[in-house]
Amino acid sequence: MNGTEGPYFYVPMVNTSGIVRSPYEYPQYYLVNPAAYAALGAYMFLLILVGFPINFLTLYVTIEHKKLRTPLNYILLNLAVADLFMVFGGFTTTMYTSMHGYFVLGRLGCNIEGFFATLGGEIALWSLVVLAIERWVVVCKPISNFRFGENHAIMGLAFTWLMAMACAAPPLVGWSRYIPEGMQCSCGIDYYTRAEGFNNESFVIYMFVCHFLIPLMVVFFCYGRLLCAVKEAAAAQQESETTQRAEREVTRMVVIMVIAFLICWCPYAGVAWWIFTHQGSDFGPVFMTIPAFFAKSSSIYNPMIYICLNKQFRHCMITTLCCGKNPFEEEEGASTASKTEASSVSSSSVSPA
């Protein structure tokens with residue numbers, strides 16, 4: 001084994017020199033340069049500095065503007081709540097532990113940080129799935145005369161929380177466990193060991209299949225069908241410039257959505273799966289740290305993609321920030337009006353709002 005396993009931790013360094021210590025009790029500066037811990041703390045501070053205002057503003061703007069309180073925007077609010085979970089439950093903790101160079105909050109703190117970071121990430125992930133399904137059903141109309149209402153939105157919210165809890169809660173009750181990972185300043189699922197009594201193998205397989213592969217396939221299917229529907233509608237109205245413009249905008253937005261999804265989750269999932277299938281192999285602490293924080297940065301990607309690209313929401317947000325007046329209102333109004341005749345495939349119809 002090219003690491004040191006202890007009670008509730010796994011340090012990716014062989015303890016031949018006798019310097020490896022518990023990440024709950026001692027600084028881990030023997031793993032990487034102390035400057036790396038300072039850089040990690042600064043990065044987490046940046047995520048807090050950006051992630052909290054934009055997600056809080058999302059909640060505030062929706063509450064302030066009645067026209068935004070639509071059933072579909074409930075899912076967008078769910079994304080903001082999930083991101084705030086990650087900010088307060090994960091980012092603040094990691095910033096604090098990075099300043100000390102080890103997981104100073106102990107085993108209980110590791111469970112709390114791991115749970116809230118996982119819960120927030122999974123709520124966000126399944127919210128994206130619900131958005132994808134809603135867009136597919138509404139735009140592609142596999143079910144005739146379907147209208148996404150408040151009851152559907154509430155069921156969607158309940159579904160995201162149920163699936164998120166089904167992933168985040170089991171490690172708290174003995175099916176797998178949360179342990180410090182990477183530079184030992186944040187906690188995640190134990191992909192590293194086959195510790196007796198925790199059934200890590202079955203949980204990791206369950207998590208990858210049910211909480212990564214299936215959501216990924218659903219998102220690709222729904223947005224793939226969505227693009228096909230947009231192309232078919234545009235082909236039927238080739239003389240319409242506004243339709244062609246709408247097609248391009250929708251295509252761009254969907255591509256950004258899928259790329260962001262992959263950037264956030266594929267590096268972390270890929271590295272975690274490699275570690276799981278190559279337990280005992282040699283790897284450094286940074287190997288898991290970098291992809292883990294790509295996944296955490298989804299708290300910034302989500303509001304930028306799903307809200308800032310939404311014209312109505314952006315208008316309301318600017319109005320709120322500018323004390324009730326939008327200096328770009330005339331320009332945005334003209335842009336919106338130019339798409340009226342292509343309403344069946346316009347970006348406002350296909351974007352998540």
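Using N, Cα and C of the backbone, Cβ positions are placed for all residues, glycine too.
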Look up the topology recorded in Swiss-Prot and say whether Tyr24 and Pro142 end up on a common side of the membrane. no
According to Swiss-Prot, the disulfide-paired cysteine of Cys187 among Cys110, Cys140, Cys264, Cys266: Cys110
Taking the Cβ of Lys296 (N6-(retinylidene)lysine) as the centre, count every other Cβ atom within 10 Å, in any protein chain shown. 24
Spatial neighbours of Asn2 (N-linked glycosylation site) among the recorded positions Asn15, Cys110, Asn200, Lys296, Cys323, using Cα within 10 Å, are Asn15
Roughly how many Å separate the Cα of Lys296 (N6-(retinylidene)lysine) from that of Cys110 (disulfide bond), to the nearest whole number? 16
By a simple count of other Cβ atoms within 10 Å, which of Cys110, Cys323, the recorded positions in the record, is least packed? Cys323
With helix taken as DSSP H, G or I, strand as E or B and everything else coil, how many residues of the topological domain 'Cytoplasmic' (134-152) land in each class? 10 helix, 0 strand, 9 coil
